[in-house]
Amino acid sequence: MNKFINNCVSLYISIFLPSPPQEISLYQTVPNFRKRLSNLTLIYIFFIILLFFFSFAIHNILILPSWLFLFYLAGKIFRIRKEFKNNISVWNDYLMIQEFIINNGLYKETSDIFLSAIFKISESEKDIIISAYKMGSFLDQKADGLDIELSGLLSLDITKKNIFADRVEYVFEKNKREIQQYVFANSDSKENLTKEFFQNIPKDIIKLSNTQQFSLKRNTNIGLYGRTGSGKTVTLQWLLYNAISKGCGLYPDTYLSIVDGKCADLYSLGEILQETLGEQINIGQTPHSLAKLSREFCQIMNERFELIKNSETLNADAYDLKMTPNFLFVDELASIRDSCGSSKEGKALWNEILQNLGLIARKGRQAGCHLCISTQDPNAENIPVELRNQISAVLYMGSPSADRVRMAFAMCELENVPTVTGRKGEALYYADGENMIEPEITVAPFVDLKTKQEFKQVILNILPNLK
């Protein structure tokens with residue numbers, strides 16, 4: 001009986017407190033909740049008084065039970081008022097967005113016309129999605145650029161923006177996990193980097209932190225930028241670890257090449273790799289070596305195209321056919337260009353290098369052949385624009401200036417770029433196909449090494465089980 005009456009009370013409340021409309025705008029005003037609560041209370045009290053007078057018309061024996069029942073109903077007035085106030089909360093989102101529309105001038109009111117932006121908001125366990133609708137007015141231009149304002153409204157970082165013909169969807173992750181840096185100690189420690197770390201990671205995935213990773217299937221080319229001391233070399237080491245853990249340079253049909261135009265850190269790492277793993281690792285430092293290694297890389301890429309073409313799998317790529325990815329690492333390409341000189345032969349050599357690198361950058365995805373270019377400054381002198389535009393996964397170490405951010409992340413909107421705090425190993429990061437619309441902050445994995453022997457030991461520790 002009590003449950004039935006409570007259901008009737010809830011139904012009674014719903015008459016005075018309707019659900020908010022799905023579309024949120026200034027076209028519809030919010031009900032006067034205080035007035036509606038007063039009317040609800042008065043009507044309920046009038047109903048109790050009316051029943052009280054009707055009770056005198058029944059048999060004397062039933063008067064006392066009927067009065068007790070009326071006292072019970074009268075006590076429900078407190079439940080009615082409390083439930084009404086609690087249910088007002090369903091209008092919170094509507095009121096919040098209406099205030100947002102007013103505060104950001106997303107309406108126009110004149111004597112002849114009234115226009116308002118229209119929003120919808122939906123919420124799941126993981127995400128909040130706010131849709132800004134395009135209605136064919138001047139307000140449509142503003143619908144595309146509300147990232148910062150909506151992020152501030154919800155106090156959440158925007159994780160995705162989907163632009164459609166009739167609306168723009170802003171997606172916010174509610175419980176975004178905090179980025180935790182991968183840190184590994186030296187080779188004598190139990191916390192050392194070993195093959196077990198990479199064991200369950202798919203061949204096309206490179207992990208950067210506990211929450212961030214990117215796919216080599218969607219990002220054929222990697223750009224690594226940063227000034228001296230920003231952590232670029234440590235990040236290069238991490239990319240080398242990933243390449244080796246996937247079997248690159250360990251099998252006869254794989255190819256791992258390293259060219260350092262300044263014959264500096266990357267070349268030294270290459271020498272250790274070659275000493276540890278054998279002649280399957282190719283290293284160079286001169287224009288002729290880069291021309292040779294890039295030429296060989298293109299040949300291997302073309303051989304893979306033939307294998308893929310002759311396979312029975314439809315629309316396959318190297319990863320579908322379980323091939324091991326190949327990597328060509330090039331550090332300080334500008335130094336290679338300078339070494340070519342201005343002679344006819346030098347210019348011809350430089351053009352061959354650019355042609356080979358361009359072929360790898362444009363065609364390498366299906367063959368699982370990846371180009372990683374690192375430099376201190378990604379300007380047009382250091383990386384030709386045509387080549388830089390082919391790079392879809394970018395790590396920019398340190399705190400780059402605004403113009404350098406525009407160069408490196410030309411694929412992004414760059415309306416809400418996060419500010420790097422200066423933490424060691426911190427970088428701006430973007431990768432295609434990872435539901436990103438702006439660069440994010442990441443912290444490059446760090447393996448604490450102090451000697452060449454320790455680096456060599458890590459390499460031996462991460463070697464996969466050779467088949």
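Glycine is treated like the rest: Cβ placed from N, Cα and C.
Those TrEMBL annotations? Automatic predictions, nothing curated.
Remember, it's a predicted structure, so these values are computed and weren't measured experimentally.
The transmembrane segment annotation in TrEMBL covers 42-75.
Residues annotated as domain 'FtsK' in TrEMBL: 209-406. In this model, the domain 'FtsK' (209-406) carries an average pLDDT of 93.
Taken from TrEMBL, the feature ATP binding site applies to GLY226, ARG227, THR228, GLY229, SER230, GLY231, LYS232, THR233. In sequence order, LYS232, THR235, GLN376, LEU395, TYR396, MET397, GLY398, PRO400, ALA427 make up the list of same-chain residues 6 or more apart from GLY226 (ATP binding site) whose Cβ falls under 8 Å from its Cβ.
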Would you please pick out, from the binding-site residues GLY229, GLY231, the one with the fewest other Cβ atoms within 10 Å of its Cβ?
-> GLY229
What residue among the binding-site residues ARG227, LYS232 has the most other CB atoms lying within 10 A of its CB?
-> LYS232
Under 8 Å Cβ-Cβ from THR228 (ATP binding site), six or more apart in the same chain: what's there?
-> GLN376
Which residues, in sequence order, are found in the same chain with Cβ within 8 Å of the centroid defined by the Cβ atoms of GLY226, ARG227, THR228, GLY229, SER230, GLY231, LYS232, THR233 at the ATP site, excluding those residues themselves?
-> GLN376, MET397, GLY398
